[in-house]
There are 6 protein chains.
Amino acid sequence: MTRPSGRAPDALRHVVLEPGVARHAEGSCRIRMGLTEVLCTASVETRVPPFLRGSGQGWVTAEYGMLPRATHTRGDREAARGKQSGRTQEIQRLIGRSLRAVTDLKAMGEMSITLDCDVLTADGGTRCASITGAWVALHLAFRHCLKMNVIASMPLRDQVAAVSCGLWQGEAVLDLDYDEDSKAQTDANFVLTGKGGLVEVQGTAEGEPFSEAQLLSLLKLARHGTEELFRQQRVAVGIA
Amino acid sequence: MTRPSGRAPDALRHVVLEPGVARHAEGSCRIRMGLTEVLCTASVETRVPPFLRGSGQGWVTAEYGMLPRATHTRGDREAARGKQSGRTQEIQRLIGRSLRAVTDLKAMGEMSITLDCDVLTADGGTRCASITGAWVALHLAFRHCLKMNVIASMPLRDQVAAVSCGLWQGEAVLDLDYDEDSKAQTDANFVLTGKGGLVEVQGTAEGEPFSEAQLLSLLKLARHGTEELFRQQRVAVGIA
Amino acid sequence: MTRPSGRAPDALRHVVLEPGVARHAEGSCRIRMGLTEVLCTASVETRVPPFLRGSGQGWVTAEYGMLPRATHTRGDREAARGKQSGRTQEIQRLIGRSLRAVTDLKAMGEMSITLDCDVLTADGGTRCASITGAWVALHLAFRHCLKMNVIASMPLRDQVAAVSCGLWQGEAVLDLDYDEDSKAQTDANFVLTGKGGLVEVQGTAEGEPFSEAQLLSLLKLARHGTEELFRQQRVAVGIA
Amino acid sequence: MTRPSGRAPDALRHVVLEPGVARHAEGSCRIRMGLTEVLCTASVETRVPPFLRGSGQGWVTAEYGMLPRATHTRGDREAARGKQSGRTQEIQRLIGRSLRAVTDLKAMGEMSITLDCDVLTADGGTRCASITGAWVALHLAFRHCLKMNVIASMPLRDQVAAVSCGLWQGEAVLDLDYDEDSKAQTDANFVLTGKGGLVEVQGTAEGEPFSEAQLLSLLKLARHGTEELFRQQRVAVGIA
Amino acid sequence: MTRPSGRAPDALRHVVLEPGVARHAEGSCRIRMGLTEVLCTASVETRVPPFLRGSGQGWVTAEYGMLPRATHTRGDREAARGKQSGRTQEIQRLIGRSLRAVTDLKAMGEMSITLDCDVLTADGGTRCASITGAWVALHLAFRHCLKMNVIASMPLRDQVAAVSCGLWQGEAVLDLDYDEDSKAQTDANFVLTGKGGLVEVQGTAEGEPFSEAQLLSLLKLARHGTEELFRQQRVAVGIA
Amino acid sequence: MTRPSGRAPDALRHVVLEPGVARHAEGSCRIRMGLTEVLCTASVETRVPPFLRGSGQGWVTAEYGMLPRATHTRGDREAARGKQSGRTQEIQRLIGRSLRAVTDLKAMGEMSITLDCDVLTADGGTRCASITGAWVALHLAFRHCLKMNVIASMPLRDQVAAVSCGLWQGEAVLDLDYDEDSKAQTDANFVLTGKGGLVEVQGTAEGEPFSEAQLLSLLKLARHGTEELFRQQRVAVGIA
């Protein structure tokens, strides 16, 4: 079996993390996974959503967007259409949940951090790349807060990264690009922590249902792929 | 360990499927799982979305809603607020995908079926109940089309049903009610086919990440629970 | 003359009021008039709209909705379309006004009650059924507040119920179903109090204008019909 | 009894109808009733709404608006707020229905006329003034179509006009201004045809319910008031 | 060269300013320039936008609208469409900026004035007519505030007026009507103060680019035209 | 006088044009002017807006957006807010007009090109940078169409570029950055063609009105600045 991209089944695309690229943001990271390119910024604000006021606790949330021509054919600009698609909302909820899973919200105190993940070029795996890059942006933003004495200790308890896997002609392959994604029978996104815990598993059969054994082989690949992503995150924030 | 509801870890809530309750719909089913109650209707229309015109293929889609006072405290009416929440859109996309996974869209010819899943009372597990009930409504709608000679053969290739599982004090429990759901460390929804295939797996760590072993124990419970749901679906459509 | 439904000109459809059906609401009632079925819930909230803050006075308001497949052919889901139709807004304003007409808002103190009237099956007369059922839900909600010592006395001063009448081949008939409504020359809705007062009269000529004499014959039928509705309301709330 | 305006109970305000004031419209009329001033234009378009295509039948519809400072204190601009209020939609539906009641839609052929009723100054009775003025605009637009040979005969079968009445200290009074309207116990709008038929009756108890006798005394005043309005409409269109 | 309107190149259309036409507004002016007719009202409110709270400073803003049949063919009602066009927003921002340029916001104290400019008939130059008329309405509103002792001195430091100019067959002409505007190669709007300063210059080449010399000849005409407008403004507010 | 940036009055910021950066677009250019960074893409589509169907003529339009954290403090995401601001709409209309001014729409045939200008980092002058960069993207897109034989000749008749100028302490300075822009008395944007023609002039007095002489000195600087921009555009598209 040769997968469409020609990569080995367990090969990630070329990954580049560029920390600190956004001039104004407290933390930022541009992540490239092959052709996919996402700009992640972390913005610190001193107020929290209404349901947390007076709780002494902070909040981490995310917004996701795609430039209209990030894709092969131009998509509608969501601002012009007047609403975010269901897909966009689903993705930004996932990113927010994933980052909160490794953040000690109490240690933040009452402040909010918004992670903006904007896709400059899309070639599959944009939600996973967003999570991986957003962790770097968030780490740098907390580092900034520490330096400013806004917080006393680092609220991040662990790393978090994500990767997609899929079944191609029955075999599990890692890190699908757009072409592979559209041909895969099953598409699964795994969000994992640095310590190996599962934060989120989303597996969807595009055609035939998949089996428990296949789910486990996908998860195995995801562990393998995120190991490399965790290593690069540590390099990017200088804790390697 | 006693779970909050007092049920055994592998016990479903009391399940009732009432087929044919909606006067005007081509297919319908009211499903109760404990206090949760969802009205599912299937509406047949003779046109398909633009991307399928001329393809000879049909489409199955879903919309989901919740009556404002289905919940403990009244929620906003989405029609009055002027938009559907991200959660609503995420759920209706899941329901649509799940039903399409067991439907032969080509065998439908160019027609659409919309599954409306409206929650009359919410007590946890509304998205899973919607999928289980919608399958019955869809089956009855196809039966109606067969009788009307609109289609030549039943386009449903298999059954599909869903159930939520969670980790309660570290142990896997089946079919969470609202109270259990809000206390669980991990919440997972499994959509399975009658033949045992996985259509969708969505696991989310609410607090601590979960392990592969825990994911498998949740899946095992889900298989056990959906067996009973499949049996009741067959009774409801009269193919038991 | 035989009207389309075969009923006598002064005959109501079969009426069923089921109080207390909604698990979470402070008051509720499912009303069936023939095939028409509306779920009415009353939700108590401790804040009032801005224009009443500090006034010591309460507020009663209503929202109205229709499940997409409550009707013969599926209608758009208003939440998905992003706005409520003019018809929906007109109806919910009428329901709110009608209930406030028999409520002593001062006796409520500063609290609000929202009546949600959701049509599960539509076969004509949904706005009238909503008013009649909402009165029961509101009564039960106030009863709940009395029991909780939130209010000192029952703020409802009278009963209120509504019924539609119409001219069929020149003759006045009571309680139109959908088929009769679409064939009637004139359609009139009457909202009456238990003591016989008029709260709202809405008569519309669909084809030929109607005469004063015809208006009076419609009103006479409405009095006859609401007598029976008032009796059933009293039974439903246990003050018969 | 002296009513707030000092007018006799059966006295209309000073009425002025100015036909043909809008430069570009096929028909137009500015109507003043006391301080209330509404600009009504009729715009002819050659297409009909989808539900009438191919039917050979025309359509008459209305839109209603109020300039932000037509009122004592400035109101929101509905275009800026992004939606029309329920009140606006209710009024424009009423205007459209009232005009259609005296129009032979078949005689129009497949064309549409939109009546725009924009309130320049509001002092009570704007919906009634809109109907009375819109009839003149519609008549002139049909006259224009006759002259252009777009239609063969006048599709208006009768006149239609409207007036509000109310109960002031228990007595019926005609044509309420804003101050009277806000003090009246009951407010009723009557839409009548030139031949004396009722097209629409809308009576609402603001405080105490009203009686059948009171409804009839309000109707009697409305007949008296619309007689004068019909006379002035005929003068305005030159058929007196 | 004869321009389409037959006017001399430096001739304004017939200008009429009617101050005080709006019953309820603190200041108002109806302006006609040829067939173009705009109703300008100034509404005083005691609160300021959030960014000015506690600043001791006031605010002047504008909203612009067009009645649907102000134009040759009926346009959409922006309130019904649910949003203001880009053109509308651009114009109302320009009007607000122009009036603020001659207002001492500090001298106002913390209050807001909203200028509503509603086009009753459009025949070119509506944004310029709005600015010229709005100045009169604003002056009268400040006069009202002085009389009410809400402010101690007149916050208007100068007059402001606007006029459009264009290139017709290469020659500069003043005050374009709709027909001329649609044929001009270049269209420019100039907002000038009574003392001759430039507040806003907006020149747009519709076809061929224009030269610096042409820009200056357009500006010269604009100075000539606004001289007359300033004179009429002074007459309208009684300071001639 | 030293302007805030320390640059000479007639000095542009450092300008970088990177053509072809967007993987999927038919034409693209990233433009940096100092810290300001805009990504411009040109997307070719085979259909035209309704008003051009059957005309044999093409269309060029633009959309503009800003990433939420392109600015010092995070702004709302317009897609999440559900509408584009007035400022956004004004800018995208300006970009579209400017590019159409140098395009022979007839030579395009019936096709559309949409220019998306997305601001990655904002430090003043984003609308001008968008125009300058969009011209490069448009040129490359047309080049692509020529190569594909979709069009027979280059529809661009000239270059177009834009730059902002302002008055700082009474003196004219070129190419304002954000800090300078917020301190300038007058802000003017000039859109010029390669042959020296004016396509658009927009001058706005932020405080004191400006004089004709000042307008001319700003224009002189703009000519100087755009000369350099035109040179770099030619290099970017390889026609230097």
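Glycine too: its Cβ is placed from the backbone N, Cα and C atoms.
Note that TrEMBL annotation is computational and uncurated.
The domain 'Exoribonuclease phosphorolytic' annotation in TrEMBL covers A:12-141, A:158-223. Taken from TrEMBL, the feature phosphate binding site applies to A:Arg87, A:Gly125, A:Thr126, A:Arg127.
Taken over all pairs of the listed phosphate-binding residues (A:Arg87, A:Gly125, A:Thr126, A:Arg127), the Cα spread reaches a maximum of 13 Å, rounded to the nearest whole number. Highlighted in sequence order, A:Tyr64, A:Ile91, A:Val119, A:Ala122, A:Gly124, A:Cys128, A:Ala129, A:Ser130 have their Cβ within 8 Å of the centre of the Cβ atoms of A:Arg87, A:Gly125, A:Thr126, A:Arg127, the residues recorded for phosphate, and are not part of that set. In the structure as shown, the Cβ atom of A:Thr126 (phosphate binding site) sits within 10 Å of 25 other Cβ atoms. Around the Cβ of A:Arg127 (phosphate binding site), the number of neighbouring Cβ atoms within 10 Å comes to 23.
Taken residue by residue with DSSP, A:Thr126 (phosphate binding site) is part of a helix. Under the DSSP three-state reduction, A:Arg87 (phosphate binding site) is assigned to helix.
Each of the binding-site residues A:Arg87, A:Gly125 was scored by other CB atoms within 10 A of its CB, and the lowest score goes to A:Arg87. Mean model confidence of the domain 'Exoribonuclease phosphorolytic' (A:158-223) amounts to 95 (pLDDT, 0 to 100 scale).
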